[in-house]
Amino acid sequence: MPDSDNVHVLRPAARPTTGEATSPAQGSQAQGPQTQGSQTQGSQTLGPQPQGQQPTSPASGKATGEPVAGAETRPVGPSRTYEALARAQADFPQSELVHFGADKPLTLDAGVTLSPFQIAYQTYGKLNADKSNAILICHALSGDQHAANVHPVTGKTGWWETLIGPGKPIDTNRFFVIASNVLGGCLGTTGPSSINPKTGFPYGLDLPVVTIRDMVRAQAMLIDHLGIDRLLAVVGGSMGGMQVLQWAVSYPERVFAAMPMAAAARHSAQNIAFHEVGRQAVMADPDWRGGRYLLEGTSPRSGLAVARMAAHITYMSDSSLHRKFGRRLQDRDGRTFSFDADFQVESYLRHQGEAFVDRFDANSYLYVTRAMDYFDLAADYGGVLANAFKDTRTRFCLVSFTSDWLFPTADSRAVVHALNAAGASVSFAEIESDKGHDAFLLDEPELTAITRGFLDSAARAVGVA
Ligand SMILES: CC(=O)SCCNC(=O)CCNC(=O)[C@H](O)C(C)(C)COP(=O)(O)OP(=O)(O)OC[C@H]1O[C@@H](n2cnc3c(N)ncnc32)[C@H](O)[C@@H]1OP(=O)(O)O
Ligand SMILES: N[C@@H](CCO)C(=O)O
């Protein structure tokens, strides 16, 4: 497809040297993107490498792999290696990359424009001749574009391989599946750890605050770039579900089918409160340095890990925590009468915190949680959600989980009621599960069946073989 002078399709891999670091997933980009018609123009270096990509701080010589207090730590070396690899992805992702130049600024809800900016994305399957089989996948808070391939930093399988792949409900033999990293993220789409071309250093807090609508605007530019007028479906969970709803409202004519899971039309006061706790944990870490840790060669690992530990509890349910761990002790016969991780659940949370810090940027955590907090779909429609969906012809399928107390069924039901009031085509399933909010990421047979059925029906309706 034609690229304007200021839109460059970039390929991965002009990655900066990270000392002795080797990728746990080196060479493991499992399914090469198959965007039809893209022109590869090589990679582009946008500026000096952030100092934070070095395994140790050049400023202080201090190791960047500080553990959570008292945690059963992973060795500092490997953590630093993972973190350095993750940081390299911010500007040089192992993904398809589109760079929007000065002629394609992104207008943000904050009232400013962002230009230039880039979007990192993965595709799976092939776009058909009439471009009617494209499905956009929207990821959740800490997700990324690696929905169905081995992750370049962690070496783990894609986060939605339960649903995406050949013969799976989001069938890559039939559909052209696109997954992009959100604006404000840290895996290659412009975010706070990206190089600010005006200064040559990472944006940090100089990046404007972004919203879910901004994320969706940026995705629409990617979809334009791919030459796709209408998406067969937009699918996502949690923050991904917020993006799905925003797509249906912002671009109703471009979304044939929409499938928001474990989502809501606005972030609740309780959820904003949880996010604020997490942000305060990050900002209270002395190594956060007012958001300038990449420049100063530090890393707010403890703060971000604590933020993730607290958040992770909200992604599970009381019964799933009980089922997994109960009151069992971690590798010991009795209590130690100390503050070590005596309980398995403590050890588990510490592990989740540490693992998160290895792959996610602390400032991105601030930006992405903020975007979720600001989300309120009805706000621009006089507080009447049904008006946001007025005259929509998109067909919807909403999914919630019985044990999700973060985005409870009532939130999805409110969207369904609004869609009913707007006369929209909508189906809704509340799935019985004890796995809490993150159930949408797990192998849930009912979710698999519903997703398959809904997408098959959409495909039939538009004549996708
Ligand atoms: C949404 C997106 O778009 S992408 C982002 C999605 N990914 C995440 O959110 C990652 C963090 N979230 C999770 O791990 C979520 O619980 C899930 C839903 C994704 C995975 O759930 P499950 O498959 O049930 O995994 P579980 O919660 O048991 O965690 C397994 C991990 O805990 C570790 N673990 C389990 N018990 C313990 C313990 N007692 N002590 C220390 N670690 C432990 C396991 O070793 C495993 O580690 P690994 O992930 O590094 O291999
Ligand atoms: N656990 C998922 C869902 C959170 O809403 C994530 O971290 O993105």
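Please read every residue number as a count from 1 along the shown chain.
Cβ atoms are placed via backbone N, Cα and C, with glycine included.
Because TrEMBL annotations are produced automatically, they should be read as predictions rather than curated entries.
According to TrEMBL, the protein has these features:
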- Ser238: active site, nucleophile (ACT_SITE)
- Asp404: active site (ACT_SITE)
- His437: active site (ACT_SITE)
- Arg308, Asp438: substrate binding site (BINDING)
- 23-61: compositional bias 'Low complexity' (COMPBIAS)
- 133-442: domain 'AB hydrolase-1' (DOMAIN)
- 1-77: region 'Disordered' (REGION)
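Taking Ser238, Arg308, Asp438 as the candidate recorded positions, the subset whose CB lies under 6 angstroms from any atom of ligand 2 consists of Ser238, Asp438. Put plainly, the active-site residues Ser238, His437 were compared by Cβ crowding within 10 Å, and the winner is Ser238. The shortest Cα-Cα distance between Asp404 (active site) and any of the recorded positions Ser238, Arg308, His437, Asp438 is the one to His437.
Separating the Cα atoms of Ser238 (active site, nucleophile) and His437 (active site) is a whole-number distance of 8 Å. The local packing around Arg308 (substrate binding site), expressed as other Cβ atoms within 10 Å of its Cβ over all shown chains, amounts to 25. The recorded positions in question are Asp404, Asp438, and the one with the fewest Cβ neighbours inside 10 Å is Asp438. Under 6 Å, Cβ to nearest atom of ligand 1: this is the test, and of the recorded positions Arg308, Asp404, His437, Asp438 it is passed by Asp438. The two recorded residues, His437 (active site) and Arg308 (substrate binding site), have Cα atoms 15 Å apart.
Secondary structure at Arg308 (substrate binding site), taken from DSSP and collapsed to helix, strand or coil, is helix. The secondary structure of Asp438 (substrate binding site), as reduced to three states from DSSP, is helical.
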